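Structure record follows, encoded as structure tokens.
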């Protein structure tokens, strides 16, 4: 693609925009032909896929709001030498898109724990809590019992499916923990992070619950190794580094306990990429992969020799899980998108999103839309955006094409509403042209100074393909998502429509939706009462 610069004069500055010089885009026929092709494809969707979903996959981009999706799309294109705007992410190819309302029962702008309870357990909950209803109060151990809610991972396991969790964060972090734990505090990673009175009252830390609540989760991959070992136990990868040593006060070695329990069940524990990729998935029924003491490194900083990528983990997970003739449920979290944004490091966040999109593409190649329902969504957004009238093909990490008409300084297209990027130099906004604003860990400027940038409260996109994906349409409460997945997979509470002789959801499957919708209405009514 040829490019040229167009320079024009504004009232207060000279603006330089980058435009593609392609003859085809100047021709209306190009756009009309493209739109007609899109229309033709859309018309094929009138024949709805009402098969039973043998397999269920949820890709969760933590903090992946719509602006992040758009910016990641541009980045993906630019990494491939294109302008970027016209690029398609793998999730862009999904035929059905809806919006999810992300608020927690006690929070207008949510956190990752309450939202995870919604899209995994089908029930909205308070911020900071996982796997418990809104009747549970954060950090109050005595509000746990009786308020537990189960997840779609458990519903799938109970139905005989294989189940897996793959994340780039700790396996006991907010998102994955809602799949198996019931905790009134998302930060209770091990008993070391719990108040003594909570331990004495019988509340269990999240790492312990990972192995005890649903004992036979088939695939578990991510970080969080240190929470599984006795306190001060030296880490196998970082010996002698105190911050990476074991944390458990109860002196339990949860990895050894798991290994002992799985030794006759084709169980394998791995802690580096070489071990993971040397496995023969046909000889593994249960896999525990803990690749870091804490979260996995950002993809831009990943040691490609020792740390697996999200795509590599997803490929191994599917190879193991798909051997079950009854199918599988897989939760995949691109968890460090969120961390990049919190740190104001947009480049890290967007590269994490692009890597998750690669994983989505790999899963697509390994599954079929005829029997696999795949959903891609986010738990919440961030106060991240990009603008400034940038020209076509402008690097997503670049400058806006004008100076500020207030302080006469340049600014990057990417900005945050708040966060650590707020910097004053000699009483004025920092001049970004004096620093490397395209550096991997550059913290984009923000309007309000905070040590950590915050979540955003707007709706998030829900992309869906496969059996009954059309049920994700319009604007819905976030807790609707697992109800659709369970309905499509004939698991959980609503299976009336699954009794056809063929074993597939009947063509009049919509009639079977009423019990689900009724349940959701009841849950929403209860939620209002609890608030």
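Every residue gets a Cβ built from N, Cα and C, even glycine.
Automatic prediction, not curation, is the source of TrEMBL annotations.
According to TrEMBL, the features are:
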- 62, 338, 342, 379, 380, 455: Zn(2+) binding site (BINDING)
- 62, 173, 175, 333: Mg(2+) binding site (BINDING)
- 112: active site, phosphoserine intermediate (ACT_SITE)
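Sequence features, as recorded in TrEMBL, placed on the structure.
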| residue | record | Cβ within 10 Å |
| --- | --- | --- |
| 62 | Zn(2+) binding site | 29 |
| 112 | active site, phosphoserine intermediate | 27 |
| 173 | Mg(2+) binding site | 28 |
| 175 | Mg(2+) binding site | 29 |
| 333 | Mg(2+) binding site | 29 |
| 338 | Zn(2+) binding site | 29 |
| 342 | Zn(2+) binding site | 21 |
| 379 | Zn(2+) binding site | 31 |
| 380 | Zn(2+) binding site | 28 |
| 455 | Zn(2+) binding site | 23 |
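In sequence order, 60, 112, 116, 167, 168, 169, 174, 176, 334, 335, 338, 379 are the same-chain residues whose CB sits within 8 A of the CB centroid of 62, 173, 175, 333, the residues recorded for Mg(2+) being left out. The two recorded residues, residue 380 (Zn(2+) binding site) and residue 112 (active site, phosphoserine intermediate), show a Cα separation of 7 Å.
For residue 175 (Mg(2+) binding site), none of the binding-site residues have C-alpha atoms inside a 10 Å radius of its own C-alpha, out of 338, 342, 455.
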